[in-house]
């Protein structure tokens, strides 16, 4: 799948704009606060129905406007498709070829996307919920059953927590059983995903042969000698029962997939404590590349790969590696404050953004 064009109306600092994209590299440069990141955000909102910059989409409406409208035209299997989203103070309306999309579950996965941005530092220094979100978004784009199971799990969790708060334990076992069955699928999916990402990350991380990079998945439900859905169901049943007294005191559920986490490790030491800032940034870029390859392996199609402000935190050597890999990653968008130093691949397109005006920039660095 390739995105042919992006249209924006009343989105951030864009009153109205339409951009035709290359199916390969799209390099977007310009000074700070001109609207480069807003273009990536628009694509992210269209793909996932949410922003990576705010939890309230209405905050992206241009000052003085009552709504924003975004539309992308895509090509898949030789056919053209349109995906649009309209947001105002009353809510949002999403259309796919003029047919309403009523839930985000329907939307997620239609246009797979991977974003590398400064907020990725939360995967190292943020809370467990930041890292669970990373896995949830990745798996939801690849596995329809995962996103539905995740939704049902959270509904069951809310019901159980409500009963715990009101000390109504007579029907608790019904929700315990649902959490155990649903939770086991989530945990096993996350564990398997981390193992596959580990293989991809290690192949991509060629900075030093002596460095071993891995994602250490942390779950009290995983027992290495009993790694199956059935064993995880049984373990979660036991933990829900044994933690009941504590859960009643807390008024919430203290065990389960909603407590899981992962740690990025280098040579079996936490990256958060034993790596330089440059090393951390490089590792996060590699993790996002691995995410692209993971989605490609599942869907047999490359996701849209967006990299924001690539010259912030990455050295020229790592940027060169990213640019060299870009042709194998499908459609890519990079933003920066200046032109690339490296030669871009054939059919790349360079855009200059100045005060929300986007123009094609011709430059000799394209082969």
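Just so it is clear, glycine is given a Cβ too, placed from its N, Cα and C backbone atoms.
It should be emphasised that the depicted structure is a prediction, and the values quoted were computed from it without experimental measurement.
Summarising the annotation, Swiss-Prot assigns ATP binding site to 30, 31, 32, 33, 34, 35, 36, 37 and lists sequence analysis as the type of evidence. Using a 10 Å radius centred on the Cβ of residue 31 (ATP binding site) and all shown protein chains, the other Cβ atoms total 12. Classification of residue 31 (ATP binding site) by DSSP places it in coil, neither helical nor stranded.
Cβ neighbour count for residue 32 (ATP binding site): 8 (other Cβ atoms within 10 Å of its Cβ, all protein chains included). Sequence-distant neighbours of residue 34 (ATP binding site) (same chain, 6+ residues apart, CB-CB distance under 8 A): 13, 353, 354, 355, 356. The Cβ centroid of 30, 31, 32, 33, 34, 35, 36, 37 marks the ATP site; residues of that chain outside this set whose Cβ lies within 8 Å of it are 335, 337, 353, given in sequence order.
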